[in-house]
Amino acid sequence: MATEETLVLVKPDGVARGLTGAILARIEAKGYALVDLRLVEPDRGRLEQHYAEHEGKPFYEPLLEFMMSGPSVAIRLAGNRVIEGFRSLAGATDPTTAAPGTIRGDLGRDWGLRVQQNLVHGSDSPESAARELDIWF
Ligand code: DAT
Ligand code: MG
């Protein structure tokens with residue numbers, strides 16, 4: 001099987017809280033390879049593409065506002081089964097109930113906002129990964 005790639009984002013809350021290094025350390029300790037990495041301040045158009053599947057949902061506008069609130073670190077990450085492996089490292093979407101030991105479970109919480117600020121994004125399928133890597137790199 002060819003080595004897989006995924007898109008990881010350290011979202012604006014992770015960058016603003018100074019957690020980029022801690023998150024990268026977990027990714028590197030797991031053994032995945034950093035192929036490319038860049039700081040990006042996405043415009044609305046890029047985020048509309050990235051989050052197209054969520055258009056119309058109640059959290060969609062707050063999500064785009066949050067993602068435009070500061071830079072994200074975009075990472076092209078490689079390894080066997082890295083898509084499901086990073087999703088497992090990240091933990092469940094809601095940081096309040098994400099399992100301890102995961103990035104979201106250990107480092108995230110509910111800040112009382114209309115959008116879940118959960119520190120990281122990871123592609124959820126090979127199709128999403130290919131599409132999202134094209135959007136960010
Ligand atoms: P994930 O990021 O775990 O793939 P998702 O794709 O379902 O989750 O949603 C994208 C982002 O939108 C998520 O990281 C945080 C926000 N979000 C999702 N569901 C939400 C909800 N019910 N209320 C507030 N924000 C939500
Ligand atoms: Mg998702």
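Each Cβ is built from the backbone N, Cα and C atoms, and glycine gets one as well.
Taken straight from TrEMBL:
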ACT_SITE  H121  active site, pros-phosphohistidine intermediate
BINDING   K11, F59, R87, T93, R104, N118  ATP binding site
DOMAIN    3-137  domain 'Nucleoside diphosphate kinase-like'
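Overlay of TrEMBL annotations on the structure.
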{"residue": "K11", "record": "ATP binding site", "CB count, 10 Å": "22"}
{"residue": "F59", "record": "ATP binding site", "CB count, 10 Å": "14"}
{"residue": "R87", "record": "ATP binding site", "CB count, 10 Å": "18"}
{"residue": "T93", "record": "ATP binding site", "CB count, 10 Å": "10"}
{"residue": "R104", "record": "ATP binding site", "CB count, 10 Å": "23"}
{"residue": "N118", "record": "ATP binding site", "CB count, 10 Å": "24"}
{"residue": "H121", "record": "active site, pros-phosphohistidine intermediate", "CB count, 10 Å": "23"}
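Across the structure, R104 (ATP binding site) and the residue listed as 'active site, pros-phosphohistidine intermediate' place their CA atoms 10 angstrom apart.
Helix, strand and coil counts under DSSP for the domain 'Nucleoside diphosphate kinase-like' (3-137) come to 59 helix, 26 strand, 50 coil. Among the binding-site residues K11, R87, R104, no residue has its Cβ under 6 Å from any atom of ligand 1. Across the annotated binding residues for ATP (K11, F59, R87, T93, R104, N118), the two most widely spaced Cα atoms sit 21 Å apart. A gap of 7 Å separates the Cα atoms of K11 (ATP binding site) and the residue listed as 'active site, pros-phosphohistidine intermediate'.
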